[in-house]
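For reference, the structure discussed in these notes is given below.
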Amino acid sequence: MANLNWSYEGENGPEHWSKLYPIANGDNQSPIDIKTKEVKHDASLKPISVSYNPATAKEIVNVSHNFQVNFEDKDNQSVLKGGPFTGSFRLRQFHFHWGTADDHGSEHTVDGVKYSSELHIVHWNSEKYSSFSEAAEKPDGLAIIAVFIKAGQANPGLQKVIDALSSIKTKGKKAPFANFDPSLLIPQSSDYWSYHGSLTHPPLHESVTWIIYREPISASSEQLAKFRSLLSTAEGEKASSILHNHRLPQPLKGRQVKASFK
């Protein structure tokens, strides 16, 4: 893997991303702080419907600033529908963001409240575009489900992911990751917020319709600590842990956040 020209700290940290990626100062950047008093209920927002085939889970990869679980996305075996969308969006991958301690780590915040971590389940508009990379640059290209994670009880649905981390300890490591349904990690309550935003790390494309569930899921402190035990460095390099990988909330710049609930 090429060396990253951006990071989460120091001279290539988030406050400097705009030097390499001017869109970092754009009008539709993510994450944001959701101010619940300013949110508008939108009766046209339908319930979110996900249908994921566990057989499409493929591999888990350490990408240096994070890890992700990738899915086979050649056809519509795993899709997201409903919500603000007319068509279906194909599942591509999921990943998490976290902080140095359990009292912060989520990227989105709610009335300033931070959660311990945040899950992002990434989908692309396969009805309109022919690949993830093409869709990622288009305003209507991506749909990302965000789920807040609160430190508390251990989450059995998360354990398979946690157990796989030891096999991808260092940057560039991959391991097979089969038979997993990420809908296990979606909260029971269907209440969500939605707005138009961006990827939360470079290239920061403003191509994302966000679906942010109101209800958090839980993970234990032990489970969350395993995220921080991953290394951003390759085997043989001086070890450096991925202690945090979250961007701070960005200005709303006139955007309207909508709620599926009153």
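Any Cβ shown, glycine's included, is placed from N, Cα and C.
The DSSP secondary structure for HIS65 (active site, proton donor/acceptor) is coil. Cβ contacts within 10 Å of HIS65 (active site, proton donor/acceptor), excluding its own Cβ and spanning all protein chains shown: 19. Among the features that Swiss-Prot reports, active site, proton donor/acceptor is placed at HIS65.
With a 10 A radius on its CB, HIS95 (Zn(2+) binding site) counts 20 other CB atoms from all the protein chains. The annotation Zn(2+) binding site is assigned in Swiss-Prot to HIS95, HIS97, HIS120.
According to Swiss-Prot, the feature substrate binding site maps to THR200, HIS201. When Cβ atoms from all protein chains are considered, those within 10 Å of THR200 (substrate binding site) total 24, not counting its own. DSSP assigns THR200 (substrate binding site) to coil, not to a helix or a strand.
Residues or ranges marked as domain 'Alpha-carbonic anhydrase' in Swiss-Prot (evidence: sequence analysis): 4-261.
Marked as N-acetylalanine by Swiss-Prot: ALA2.
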Cα distance (Å, whole number) from HIS65 (active site, proton donor/acceptor) to HIS97 (Zn(2+) binding site): 10
Greatest C-beta neighbour count within 10 angstroms, which of the binding-site residues HIS97, HIS120, HIS201: HIS97
Rounded inter-Cα distance in Å - HIS201 (substrate binding site), HIS120 (Zn(2+) binding site): 12
